[in-house]
């Protein structure tokens, strides 16, 4: 069974999913395109003044300075090549360039990813407290279970008060097993027990929660390394995925958190939450480009099905709709 076949079989883009995505990006679209419209009013061609304003709009939309400059340079090259570009063409050009940037780091369709020899498939989830990490774990477990996968959660955030209880609540809500130890236990021990249990029970997917402390990067790095090393004693190539959860509404703070965590461990997938409550959706573009890590999931609402598999084409289409 393909690991993410449920996105193919049960979650083909539906009207409801598209509406949720469109609604989730409303605030970003309103701020972004209102500014662009204002920048080109009374102008017929894309000139230096328009590009300067566009640069400012992209930066203030949390696309990030580095990515913004890259987009502007590409548009400048296009203007230079075509000699004359109408302001009416600007949205389409911008759309093309954003889509091209996202294509460099994001697969069109993660649904083709298969277990291969990975059973159980182990996902270690990292991220600071308050970004929606536990909620993302619960929603992901729900989607995986709905597809027919046997899922187990490991409550390895034993540092934060109530973290274990929150994972247990999600486990009960979505009907998946949770392996936990008392608060203050060794997180690596929890991860070890979870993997051993998953192997014994023939589970398909293991999701391990971890503590999100950034005040001491060395301590964080050591803890995550220890958890990974202990898991390898049970499954030598685990974890197969290190998923960093970021709060899109924090804009540039999300980019800084990504920097910190990618320096601390081998992040190979991203989840951007809370897109529905922010005008800073441009951070998806900046993070994907700056860190060359695929955005795998986006959170576009509070409902249990509002965690969506990221699709660059659907994202850009919704943004420019």
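From the backbone N, Cα and C atoms, a Cβ is placed for every residue, glycine too.
Per TrEMBL, the features are as follows:
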BINDING   127-134, 209-213, 273-276  GTP binding site
DOMAIN    294-307  domain 'SRP54-type proteins GTP-binding'
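Residue counts for the domain 'SRP54-type proteins GTP-binding' (294-307) under DSSP, helix first, then strand, then coil, are 0 helix, 6 strand, 8 coil. Local packing around the binding-site residues 127, 130 was summarised as the count of other Cβ atoms within 10 Å of each Cβ; on this measure the leading residue is 127. The average per-residue pLDDT of the prediction over the domain 'SRP54-type proteins GTP-binding' (294-307) is 91, rounded to a whole number. Long-range Cβ neighbours of residue 133 (GTP binding site) (same chain, at least 6 residues apart, Cβ-Cβ under 8 Å): 125, 126, 127, 209, 212, 245. Taking Cβ-Cβ distances under 8 Å and a sequence separation of 6 or more, the neighbours of residue 275 (GTP binding site) in its chain are 24, 25, 28, 248, 249, 281, 284, 298, 299, 300.
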